[in-house]
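Reviewing the structure listed below.
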């Protein structure tokens with residue numbers, strides 16, 4: 001069992017301070033939003049649930065990481081702690097940045113009572129800054145204290161997971177807004193996004209769980225294969241997105257236009273992340289082939 005020895009400097013370290021801020025701001029954000037009545041439109045409800053889930057999820061996981069770090073029990077958990085903390089920090093920064101944009105834009109009722117929604121949006125922005133600060137602190141640690149997720153390929157895999165998570169509420173809204181007439185586009189895009197999200201989760205579990213040595217294939221080939229599949233599927237999804245943009249003139253619904261543009265932007269960013277990641281994987285395979 002680890003010996004718990006807490007000193008005053010432990011409570012003033014950068015990681016302790018930013019994680020405390022993350023816990024406080026996420027708790028503040030979802031508490032304020034939960035206390036405010038919102039319109040019952042599907043548009044508001046879907047993105048409100050999404051924002052609430054993000055805040056609650058990262059509040060819970062950050063609180064657990066914070067407690068385990070304080071009592072020094074993280075060494076008993078059979079995971080790669082340095083990869084887990086980096087993943088949570090970077091993904092938390094990306095997701096809370098997204099909620100900081102989505103909540104004021106799509107969820108807030110600008111004609112109703114504003115003090116609490118505005119305070120929730122500010123709390124979400126502070127959460128983004130806190131997770132960004134934690135990511136910087138973790139990346140500036142000594143090389144032996146940094147894991148795979150702190151490298152450029154690792155960060156690209158987190159961006160890929162972020163893109164998949166952001167697509168989920170958009171696809172849900174597309175089902176309501178665009179189902180008539182172009183169901184085949186939704187089906188193909190949905191399957192592509194679903195496969196890529198599943199691949200991202202499998203990669204994350206393998207890396208954080210430190211299962212790379214148990215893979216049937218060499219881990220670098222495993223990652224290269226997933227990156228190639230991701231590039232192909234997101235190329236297909238992005239082409240469909242641009243096809244939807246060309247069809248926007250036939251649909252005057254402003255909500256539909258915003259959804260299609262958002263999906264196109266996120267798909268393009270994620271496709272770029274998969275493409276660069278594939279380039280890194282091919283370079284690694286070539287370098288090892290010369291050895």
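For all residues, glycine too, the Cβ spot is worked out from N, Cα and C.
Note: TrEMBL annotation is automatic and uncurated.
Feature list (source: TrEMBL):
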type	residues	note
DOMAIN	10-143	domain 'MARVEL'
TRANSMEM	47-71	transmembrane segment
TRANSMEM	83-106	transmembrane segment
TRANSMEM	118-138	transmembrane segment
TRANSMEM	159-179	transmembrane segment
TRANSMEM	191-211	transmembrane segment
TRANSMEM	223-245	transmembrane segment
TRANSMEM	265-286	transmembrane segment
Among 47-71, 191-211, 265-286, point out the range having the most Cβ pairs under 8 angstroms from the transmembrane segment (159-179).
265-286
So what's the mean pLDDT when you look at the domain 'MARVEL' (10-143)?
87
